[in-house]
Amino acid sequence: MSGCWSSVGKQGKSQLINLQTPNCLKHGTIIHEIMHAVGFYHQQSTFDRDDYVKIHWENIKNGKEHNFNKYDDKTVTDFNVGYDYSSVMHYSSRAFSKNDEPTITPIKHGIEIGQRNEMSEKDQKKLQAMYKNECNNRIGKNNDNDSIIDIINFFPSFLD
């Protein structure tokens, strides 16, 4: 398979992240794929996404519809942080468009989606919630685990 992708969460002994040049070697894209690898789905996959965005199925390329699947709250959780338009895990408005028309639009007007610069504050809070116990056990701390966020944010910075 080509392109930029990773399975969601650990799959076996190792986790494959596919980052083909040149389009995948961008800071935000690398963070996005690392976030998949550590267990995050796309923001617009949340069970309550229809309260925040509209999916335009008629504009999505054939075979790419699965990228817009919605999952129950046991599969995709927001850790009580809420929907995040600014998430590095949120698709842009024309992702997988077959006709350059929007595939996803915010219900609320004036909202931008699909940034690939960095993790949002809510991304960081979700990551901390998901891995707090794991990180604390490994590094022997009982405070917030900024270390995993620092690693994910720093790792691809040498490519920019």
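For all residues, glycine too, the Cβ spot is worked out from N, Cα and C.
Just so you know, TrEMBL annotations never went through curation; they're auto-generated.
The active site feature in TrEMBL is assigned to Glu33. Within the same chain, residues at least six positions away from Glu33 (active site) with a Cβ under 8 Å of its Cβ are Cys4, Trp5, Ser6, Ile17, Asn18, Leu19, Cys24.
Per TrEMBL, the feature Zn(2+) binding site maps to His32, His36, His42. Applying an 8 A CB threshold to same-chain residues 6+ apart, the list for His32 (Zn(2+) binding site) reads Cys4, Val88, Met89, Arg116. Under DSSP, His32 (Zn(2+) binding site) is assigned to a helix (H, G or I) in the three-state scheme.
The domain 'Peptidase M12A' annotation in TrEMBL covers 1-136. Note: the domain 'Peptidase M12A' (1-136) comprises 40 helix, 14 strand, 82 coil (DSSP; helix = H, G, I, strand = E, B).
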- Item | Env. residues of Zn(2+) site, Cβ within 8 Å of mean position of His32, His36, His42 Cβ | Ser6, Val8, Glu33, Met35, Phe40, Tyr41, Val88, Met89
- Note on the structure: Densest Cβ environment (other Cβ within 10 Å) across the binding-site residues His36, His42 belongs to His42
- Note on the structure: Averaging the pLDDT values of the domain 'Peptidase M12A' (1-136) gives 92
